[in-house]
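Everything on this sheet refers to the single structure shown next.
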Ligand SMILES: OC[C@@H]1[C@@H](O)[C@H](O)[C@@H](O)c2nc(CNc3ccccc3)cn21
């Protein structure tokens with residue numbers, strides 16, 4: 001499999017997010033986010049790690065853009081930090097926050113790299129959380145105001161917009177599992193949060209289209225195909241419940257089907273739907289972003305409210321203990337193409353954590369990660385050849401960075417970061433990606 005097997009206009013990028021790489025959390029007027037609060041709360045992140053400095057990208061972005069250029073990507077997916085733009089979440093605008101993203105976008109364009117901006121990658125301004133957070137409908141309205149402000153300022157140069165990164169993570173991990181910010185464990189709040197996140201997306205889509213000529217708008221979901229641990233009908237039903245929990249709860253409303261009836265019955269907890277919310281949420285989009293890392297294998301369980309249990313399978317796992325299963329990406333792409341028929345699909349994240357180390361020769365020989373990319377890209381190509389509307393691929397991630405509750409212990413980068421010195425080193429996987437992308441030049 002080589003680059004020229006893919007369409008000539010296929011998008012090849014790397015992805016990051018603001019809180020994971022920027023640092024400078026109190027610089028130039030940025031306000032606190034729920035991840036500043038959560039990561040500074042003892043016991044919430046591995047080793048008490050936080051994003052105060054991270055990759056110091058706020059200051060080092062020219063060097064990081066030079067790395068993207070060396071890798072040969074033609075696009076870069078980053079997120080805008082809401083608390084940098086609106087320190088209290090609404091109202092007062094921080095011009096120095098806007099200035100940073102103006103500089104970042106201009107520097108990307110100067111290098112011929114297309115900016116793809118994610119408006120929300122989990123860093124909710126703390127003041128909005130203090131007023132109810134995503135369980136409150138007001139937060140959806142605040143998001144639409146934020147989207148309006150950012151797209152009015154960057155929309156002349158940024159044409160690709162992702163409203164939300166992974167609402168499932170924000171709602172479930174943040175408000176029910178409690179392992180992500182803000183760390184609540186309240187099922188009803190997680191259901192209300194999921195609805196207000198989808199509502200926020202739906203409110204923002206027309207705002208972005210109004211502000212950005214030629215906008216391409218979408219949302220990014222972390223989707224995992226679910227497989228039953230056995231042919232036992234109870235396990236098959238559990239896999240269907242998993243699919244509802246992880247995938248259909250978001251896909252169905254976004255594609256005009258409303259919330260899935262089986263999950264509404266299972267949950268017995270109705271989302272806080274009002275008026276035309278479901279019409280708003282189903283605003284037509286130009287693409288679906290998919291973050292794919294692995295599949296899920298589940299069996300039946302009495303564990304309420306989801307009534308499934310994960311089963312650990314497979315011979316090969318990453319440092320996150322996620323099974324390496326590229327076939328799941330193929331199955332997912334084919335299913336989505338057939339069942340939801342998005343205009344386009346972009347893999348907005350795919351990658352793997354491995355315990356990278358600098359070898360005696362100064363290199364980082366992350367050959368497992370090279371193999372991970374090769375296998376997943378091969379299945380992307382196969383799905384594309386079988387009709388999936390796949391138009392691009394963003395590797396997660398450009399840099400080793402702050403891996404949320406796992407802190408800096410889990411490395412996903414194509415580029416190794418020595419955090420004490422902030423020195424960047426391209427890994428073997430980065431050089432592989434560079435050579436893969438250069439092939440088209442050689443063969444054209
Ligand atoms: O964990 C790797 C990345 C993470 O760094 C990104 O910020 C985020 O967008 C992301 N989403 C997933 C898939 N979903 C997920 C599941 C459990 C915990 C965290 C993320 C993986 N990743």
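Placement of Cβ uses the backbone N, Cα and C atoms for every residue, glycine included.
Keep in mind that this is a model prediction, so the values were computed, not measured.
As recorded in TrEMBL, the features of this protein are as follows:
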ACT_SITE  166  active site, proton donor
ACT_SITE  349  active site, nucleophile
BINDING   20, 121, 165, 293, 396, 403, 404  substrate binding site
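The structure, with features from TrEMBL marked on it.
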{"residue": "20", "record": "substrate binding site", "DSSP class": "helix"}
{"residue": "121", "record": "substrate binding site", "DSSP class": "coil"}
{"residue": "165", "record": "substrate binding site", "DSSP class": "strand"}
{"residue": "293", "record": "substrate binding site", "DSSP class": "coil"}
{"residue": "349", "record": "active site, nucleophile", "DSSP class": "strand"}
{"residue": "396", "record": "substrate binding site", "DSSP class": "strand"}
{"residue": "403", "record": "substrate binding site", "DSSP class": "coil"}
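Taking every pair among 20, 121, 165, 293, 396, 403, 404, the residues recorded as binding substrate, the greatest CA to CA distance is 18 Å. Here the recorded positions are 349, 403, and the one ringed by the most other CB atoms within 10 angstroms is 349. For the recorded substrate site, residues 20, 121, 165, 293, 396, 403, 404 set the reference point as the centre of their Cβ atoms, and the other residues of that chain within 8 Å of it by Cβ are 17, 349, 397, 401, 412.
Comparing residue 396 (substrate binding site) with residue 349 (active site, nucleophile), their Cα atoms are 5 Å apart once rounded. Taking 20, 121, 403 as the binding-site residues under consideration, the smallest Cα distance to the residue listed as 'active site, proton donor' is found for 121.
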